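What follows is a single structure, written as C-alpha cells, with notes after it.
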C-alpha cells in the first residue's frame, strides 16, 4: 500500500510537470501562486489541508499503522482498528468446447417395427420434418425478386437435401469437354450447390445431350431440377468455357415443351412425309409415323392410303378422247355401259338421264361450280335480303323473335329413293324434298309440307300475345302500387297549413 501511494505521488508530479511545461521532477506553480501578492493568500488557504499532505505523500515510519479516514481528517482514533478484508481473486471462467449436434438420421427409430419403445425419437423426427417443411413453405410464400431467383432456388434445394436422407449424391461426368454433370438423387445427406434433380436414367440421358449442346456453345454446368417443374436451369454462377474464359451470359429457364420440340426436330413420317405433327408414333419396324398415319395403322393394320388430286389424272393419260363429244380435257375420265371412255360431263349426264349427252351442250372449258348446302333455296335468300333492305327495323324485330323462339321439334319426312329419312330443318330454309330417282322424274322437284301438329301445339299462344299480356299485367300492378302513394301525398297537402304571404304592410 505504501509503495503504491509513493508511486502514485511520483506519477502525479511527473504528469503535472509535463503538462505545465516543466522538466520532470519539477512541478509548476499553481495559477494562484503565479500572481503577484497572491502567494500569502494561497498558503493561508492551504493550511487546513497540510495534514493530508503529510499523511498521504510522506513516507510513514516503519512499524506505524496505515493512515485511516479519521487520521486524515485530523481526528485522533481511539476505536479498535479492524483488519482490512482481503478480496479473493475472481475464479477463472470455464467454457465448454462447442460440439455440433449429430446429423439427423432415421436409424435411431428403426427398432419401432421390432416392437421397441421409440415414441420420443419418433416425435423428434416429426418435429424436425415439420420445421423443415415450414421453412420451405415460408421460402415459397415470400415475394420473389428477379435478382434473387437463383438464391431462392439454392435455398430451397439445400432445405430439400437436408430433409431427404439415406441417399447418396450421384455425380456423372458428361461427354464433350468433361464438365461435371451435377445430378443428385433424392436423399442426399450433405448440402450441395446442385439442387435435387432428376431421379431416372431418362433424365440423365436428356441432360447429357443438352449439356453437350451447351458445351459446344461455351456454357457448362447445366442441371435438370425435376422438383422445380422439370425445367433446365443454368448452374449457379457463370460456367467456364474452353480456355479458362467466363461465359458472358446466363441462360434463362427453358420450358419442357420447347425441350420436346428441340428433340423431335428432324423427324419425318415414312408414309406421308410430314415433319410437323402433334404426336409421333412408330410402326412395327420402328420407323416414325405422324399422328394420322400412326392411328390409321393402329386401327386398320395397314398404312394410310395417300389421296392424289383428281385433276392430275387427266394429264397422266395423254391421247385419251371422249367417245361422245370428242373432248380431250376433263377433270375425271369415266366409262359408259359399253365400257367406252367418256368425259366427266358425258358420264354424269348419261348416269342421270340414261341418254347420251347432246353435242350442243359441249363447252370449250371445264365448268366448275361451288357446292351448295343441302336444302338451300336461292329465292328464299333473295326474298329475305329484299325484306331486310325494305324494312331494316322489321328485319331486326324478326331476327330478335327468331332468336327467342325455341328450336322446332325434330321431324319432318323427306322422300328419297332409300325411303323415309329423319332430318332437322333450318329456320331460314324452305322445306324442299329430294326428287325420286326414276327415269322420268330425275329433274322434277317435289315440295313437302311440314307435318301437322297436335291441337295442344297449335293452341299454344304465340310469344307476341304472351309479351302483350305480361306488359299489361305489369302496368296494372304498377298503377295499383302507385295509387296509395298519390293518396298519401294529397292528404299531406291538405293537412299542411297555408303558406303565409307577405304584403307591403309587413315591410313597414
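From the backbone N, Cα and C atoms, a Cβ is placed for every residue, glycine too.
Listed features, source Swiss-Prot:
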{"type": "REGION", "residues": "50-122", "note": "region 'Disordered'"}
{"type": "COMPBIAS", "residues": "66-79", "note": "compositional bias 'Low complexity'"}
{"type": "REGION", "residues": "178-197", "note": "region 'Disordered'"}
{"type": "COMPBIAS", "residues": "186-197", "note": "compositional bias 'Low complexity'"}
{"type": "ZN_FING", "residues": "269-293", "note": "zinc finger"}
{"type": "ZN_FING", "residues": "322-346", "note": "zinc finger"}
{"type": "REGION", "residues": "364-389", "note": "region 'Disordered'"}
{"type": "REGION", "residues": "436-460", "note": "region 'Disordered'"}
{"type": "COMPBIAS", "residues": "487-497", "note": "compositional bias 'Basic residues'"}
{"type": "REGION", "residues": "487-508", "note": "region 'Disordered'"}
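Mean pLDDT for the zinc finger (269-293) in this predicted model: 89. Under DSSP, the residues of the zinc finger (269-293) split into helix, strand and coil as follows: 3 helix, 4 strand, 18 coil. Across the range of the zinc finger (322-346), the DSSP-based residue counts are 3 helix, 4 strand, 18 coil.
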